[in-house]
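K.L.:
Marked as compositional bias 'Low complexity' by TrEMBL: 312-323. As annotated by TrEMBL, region 'Disordered' applies to 310-338. For 1-19, the entry in TrEMBL reads signal peptide.
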Ligand SMILES: *[C@@H]1O[C@H](CO)[C@@H](O)[C@H](O)[C@H]1NC(C)=O
Ligand SMILES: *[C@@H]1O[C@H](CO)[C@@H](O)[C@H](O)[C@H]1NC(C)=O
Ligand SMILES: *[C@@H]1O[C@H](CO)[C@@H](O)[C@H](O)[C@H]1NC(C)=O
Ligand SMILES: *[C@@H]1O[C@H](CO)[C@@H](O)[C@H](O)[C@H]1NC(C)=O
Ligand SMILES: *[C@@H]1O[C@H](CO)[C@@H](O)[C@H](O)[C@H]1NC(C)=O
Ligand SMILES: *[C@@H]1O[C@H](CO)[C@@H](O)[C@H](O)[C@H]1NC(C)=O
């Protein structure tokens with residue numbers, strides 16, 4: 001009997017999965033980061049209220065007749081009204097994408113220069129004084145995460161911004177650590193505690209660089225014991241391959257898969273994802289957002305609309321990893337300038 005029900009449930013799951021797919025878009029007109037006139041390299045989320053544009057919403061007249069509410073309170077009411085009135089085929093989420101603070105690999109790429117980093121240093125675990133395999137945050141990276149923490153504290157206090165209802169993070173240490181520093185110790189509502197879910201597919205573009213090779217599950221758990229780790233997460237990193245790169249087409253496909261996992265399993269409207277520049281870039285493309293490259297430690301919210309469409313997800317063939325180009329001899333060390 002049990003197995004019969006299990007079988008039915010399994011079949012229903014397959015049916016649902018193949019009969020529908022999700023199409024994403026970004027709802028424009030609410031955030032500066034949606035505008036092609038915003039320069040991502042100089043954009044400062046802390047100076048712009050997370051980029052939330054000053055404007056009115058159709059819900060203002062009922063919610064805030066005396067003009068006492070903050071921009072974020074009024075935006076939150078508008079989004080929640082939209083979610084409430086929309087058909088079951090449409091869902092909205094506001095996802096806060098945070099890029100990790102500077103890691104030792106970022107510092108090393110700056111130190112050695114990108115060509116020498118790519119062809120030689122990135123394939124090694126570190127140099128004689130720094131380790132960048134599954135890189136940890138540099139002191140500068142820790143300060144960037146503390147800045148995000150301070151800004152969230154300010155926004156919760158002053159703007160009454162909705163706290164995330166759920167948190168996700170890449171399994172790479174720099175993101176686990178950034179999320180921890182950003183969200184630990186905030187005055188969060190009791191119903192919305194900071195308990196992130198570690199998801200494999202929120203990881204960075206899987207290059208043959210050692211900074212993209214994750215640690216094992218035991219180490220992740222022991223380092224961040226309060227975090228949840230998704231079901232099926234393998235003990236060892238099975239996706240990283242030495243001297244080979246995941247293709248950008250494959251990354252685009254798996255980024256859609258992880259988004260679908262979140263949208264199919266999580267009814268939250270306010271969501272935080274701590275990830276990487278390459279991966280957030282791939283997700284933004286899946287969401288139909290304009291390209292917006294985040295500086296280390298930056299955070300941008302994105303207003304996402306998800307519509308269920310008939311028919312299976314159009315498939316894209318998986319591509320083999322490609323070989324990384326390397327140089328056989330150590331490139332000359334950077335020369336001191338000035
Ligand atoms: C920016 O967007 C506007 C309107 O959406 C469009 O007309 C314009 O060509 C875009 N500019 C650039 C530089 O992409
Ligand atoms: C964005 O700002 C950077 C840094 O100031 C500048 O170098 C770049 O030209 C700007 N890009 C655009 C499109 O204005
Ligand atoms: C929004 O308005 C506030 C004052 O109410 C101002 O300080 C802030 O600079 C404005 N932000 C934007 C993005 O225009
Ligand atoms: C090792 O790399 C770091 C950058 O992560 C750099 O600051 C340091 O100077 C390098 N050490 C040596 C001995 O070159
Ligand atoms: C997590 O963050 C808290 C608060 O900043 C800090 O005390 C703790 O050491 C951090 N844990 C790890 C494993 O980074
Ligand atoms: C997990 O990683 C840690 C740190 O690198 C190592 O000490 C440990 O032996 C590994 N355990 C397994 C089961 O691979």
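Count begins at 1; order follows the chain as displayed.
Cβ from N, Cα, C; glycine included.
Small disclaimer: the values here were computed from a predicted structure and weren't measured.
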K.L.:
Based on DSSP, tally up the residues of the compositional bias 'Low complexity' (312-323) by helix, strand and coil.
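P.N.:
Computed counts for the compositional bias 'Low complexity' (312-323) are 0 helix, 2 strand, 10 coil.
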K.L.:
Write out how many residues of the region 'Disordered' (310-338) are helix, how many strand and how many coil, based on DSSP.
P.N.:
0 helix, 3 strand, 26 coil
